[in-house]
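Participant: Just passing along the structure, written as C-alpha cells.
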Amino acid sequence: MRKEVVGPSQLLAMIILFELGTAVLVPIGLESGHAVWLSVLFALPGGVLLYLVFAHLYLQFPGQIISGYTRTILGPWLGWPVSLLFLPVLLYNGSRNLREAGDLLITASYDKTPILIINSIMIIAVMYILNKGIEVFARTAEIFLWIVIIMGCICILAVIAAGLVEYKNLFPLHMSDYVEALDSAYPSIWIFPFGELVCFTTILPQFSRSRKVKKTGMVAVIISGCLLSFTHAIEMAVLGENLYSRTTFPMFTTITLVNVANFVQRLDALVMLTLIIGVFFKLTVYCYAAVAVASDLFKVTDTRRLVIPAGVVMLFSSFVSAQNYSEHMNDGKAFLETILPVFCAVIPILLLLIHLVRRRFGLYR
Amino acid sequence: MNAKGLLRLIAIAVILMPLGGCWNSRELNELAVVSGIGMDLVPETDEYRVTFQLVNPTSTATSASPGSGKPGVVVVSATDKTMFGALRRASKHVTRQLFFAHTQLIVLGESLARSGINDVFDIFERSHELRLNSAILVARGSDAASVMKLLTAVESLPALGLVKKTQNTSRVWGENRTISVFDVIKGITGEGDLTINAVKINGDAEEGKKNSNLEQSETPTKTMMNGLGVFRQGKLLYWMKDSEARGTEWLLDKIEETVINIDSEYKKESIAVNVIYSRTEVRTSMEGGLPVFHVTIAEEGSVNETDSFVDLGNREEILKLERELEKQTRDEVMQAFQKAQELESDIFNFGNELKRKNPQVWATLDKDWGRLFAQGRLDLHIKGYIRSTGMSLKPYIPEGK
C-alpha cells in the first residue's frame, strides 16, 4: 500500500480548522474580561513555540509518532506507559468537542432530539472519513477551509454592517487588564486551543515536505491565532463584557442580533455550519491521533480496524462523562488546569530536553 | 442480491432516517406565529399576565387589506408566575403551538413597569426562539394587553405596525430611539439607569379591538408614541416628553434627524431647521469628589422653512442662526439633564463611561452613584452648523415681517 502523504497547504488548512474548531464558539479565557482578544495574542507566541517543539521532535525522529519517540527517548520501560497515558487524554478531549457541538445543536434548535442521535451522526461521519484515510481527510480540509473562511467573512461583514460593533467595549485597557490578560493567556489559552496541537505529532510523519514543516505550521498557528483573537474581539465588542461572560455560546448570541435593513437576519445557520465543520475536523484529528497511538503501541498493522472502537468510545464518553452542561464545563476547567498541560506541554518539552541531553552526552546506544 | 448487498441497503436506510432531521420537526401549519408579547402584572399578586398577539394566517395574505374581513391577528392571554409558564399555559386557548422566533415587539404594562422590570428578561437570553433584538415599549396609562389588542390601520399586524412607528419617529423626529430587549438588558446590568419608549392609547381601548374601528378615515382609537419612560433601579419613575425626551436622545447620541424651530428677529420659533447629522461625545472626570460630564455635540442642519423674514443669502445671518440653533439645543439638553438629576437617575450612561475610563475611581463611587450623579456638573459644548437653505435664499416675505 502506498504511503499516505499530506501536503503543506493541506497541513495549513488542517491546523487552522483544528484551532478554530470549538475555540471560536465557547468563551475562552474568562478571567481576562474585555481583554480576551489580547489574551489570545499573548498566548500566540507560546503556541508557536510549542508547535516548534513538536516540529523539532518530528524532525529528529522522522517517521515516528509521539508514542514512538517517547519510547526511544525514555526507553521502552518508561516510554510505553507514558505513551499509553496519551490514549485516554486524546479520547476524552476529543469527546469533549463532540459534547459541545451536540449541546449547542440541542440548545439552539433540536431541543427534543436525544444527544445520542446527534452525536452519533457526527461520529459516523468521522469514522467514515478516517476509514478513507488521512490523505482524504487532508484534502477535505483544504476545501472546507475556504468554505469556513467565506462563511466567516459573511458573518463578520453582516455584524459590522448591522452596526453592532461598539469599540467602547474593547477599550481602554488599564494595567490591571494587561495583567489579567496575561494571567488567562498562560496557561489556559496557551493550552486550549494552542496546546492541543500535540495531536499533530501523529500527523506530521505523513507530511510530504519535511523541510517546510516549521514554516507551514508556524504560519498556520499565527493565522489561526489572529482569526481567533479577531472573532472574540468582535463578539466582545457586540455583546459587552457582561453578556459575553454569561452566554454559553457567545458567537451564536452575537449572530442572532444581526439585522441589516430587515433583510439580512437570522444567520444562525451559518454559525451552526461553522461549528459542525470545525468540530468535525477537530474530532477527526483527535480520533486519528488516538488510533495512531493505539496502533503504534499495540502493534496493530491495519490502523483502520481501530477507528470504529475509538469512535464508539468517544461517542459514549461524550455524553456519559457529564450529566449536564455545567458539569461538563467544570470538568473541562479542571481538566484544562491539571491534566491537559502535562500532556500538551510538559511531556513534549521534557522529551525534547531529555533527547537533547542524551544526544549531547552520547547516551543513545 | 446477496446477503452483503442487502445488509448495506439496510444500513443506508437506517442512516438516512436520522439524516432527514425530522426528529423534532415542527411544520408551519402546526405553528402559531407570535408577532408581539404584552406583559402585565396581575394586581395584588406577583403573577404575570402575558398576552400574545398571534398572526392569523388566512387573513394576512397579501390580497387582504387591513380593515376588510377578519382581523389580521388573534390575541390570547395566560397568567402564571413565570413567563415561560404563561406561554405554555396559553396552549389551553390556542389550537397550535406558539412559535416565538418572529416576535417583533414586547410591550410592558404600566403597572409592571412601576413595580419593577428587572426580573422579566431572562427568558429572552435563555430561549433560542425569542430574540434579543425584539423592540420594546412601555404602555403609558394602560396595560400591555390593551395595546396588543388594538388593531392598526395601514399595517395588518399591529405589533409590526408599532415597531415601524417607533422606527419612523426615531428616524425623523428624535424623541424616541429604537430600543431592543438587548439594550434594556445592557441598561439593567450596566451602571446607569434606562429609558424605554412609551406608547399611549388615544381613545377607547375597547373600541380599538373591533374591526369597525378601522372602517373610517380617522380611526377613533389609535396608538401614539409618547416620549420615554424613565426607570430607576428597574422601576418606572417618570414620563419624559417633548424636549426632555429629545434632550435625552441627544445626550445618548441617538439623534438621527430632527426638526428645531428657532427664533428669527421678528417672530418667535419661525424658522424650521432640519438637523440631519448630530454626533455627541462624552468624557467624564472628577473634580473635588463630584463628577463632571464633558459633552460635545456637533450638529448639522439645513433651513427647511422660514415664516418670517431672514436674509439667508447673508453669511452673517446664517452665523446668527447657528448660534440660535446651539442655544435651542442647549436648552433641550439642559432640560433633560436637570430632570434626570432631579430623579437621581443616570439615564445617559455616564456611569458606564466613568467606569470604563477609570475603574479605580469608580469602585469608590459605585454605591452612591445616583446621588453623586445628581450633584454632577454638565460641561456642555455645542457646535451647530447650517449647511444649506433649501431651494431658495431670501424668502418672499418682505423685510420687517
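The chain as shown is numbered from 1 upward.
Glycine is treated like the rest: Cβ placed from N, Cα and C.
Pasting the feature list from TrEMBL:
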TRANSMEM  A:12-30  transmembrane segment
TRANSMEM  A:36-61  transmembrane segment
TRANSMEM  A:73-93  transmembrane segment
TRANSMEM  A:113-131  transmembrane segment
TRANSMEM  A:143-165  transmembrane segment
TRANSMEM  A:185-204  transmembrane segment
TRANSMEM  A:216-234  transmembrane segment
TRANSMEM  A:269-294  transmembrane segment
TRANSMEM  A:306-326  transmembrane segment
TRANSMEM  A:338-357  transmembrane segment
Participant: When you look at the transmembrane segment (A:306-326) alongside the transmembrane segment (A:12-30), do they share 3+ Cβ pairs under 8 Å, ignoring any pair fewer than 6 residues apart in sequence?
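Facilitator: Judged by the Cβ rule, the two regions do not touch, with the required three close pairs absent.
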Participant: Does the transmembrane segment (A:185-204) come near the transmembrane segment (A:36-61), with 3+ Cβ pairs under 8 Å (pairs 6 or more apart)?
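Facilitator: Contact confirmed: at least 3 Cβ pairs fall under 8 Å.
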Participant: Below 8 Å between Cβ atoms, which of the listed ranges A:36-61, A:113-131, A:143-165, A:269-294, A:306-326 makes the most pairs with the transmembrane segment (A:338-357)?
Facilitator: A:36-61
Participant: Under a Cβ pair cut-off of under 8 Å, which of the recorded stretches A:36-61, A:143-165, A:216-234, A:269-294 contacts the transmembrane segment (A:113-131) most often?
Facilitator: A:269-294
Participant: Counting a contact as 3 or more Cβ pairs under 8 Å, with residues at least 6 apart in sequence, do the transmembrane segment (A:216-234) and the transmembrane segment (A:36-61) touch?
Facilitator: yes
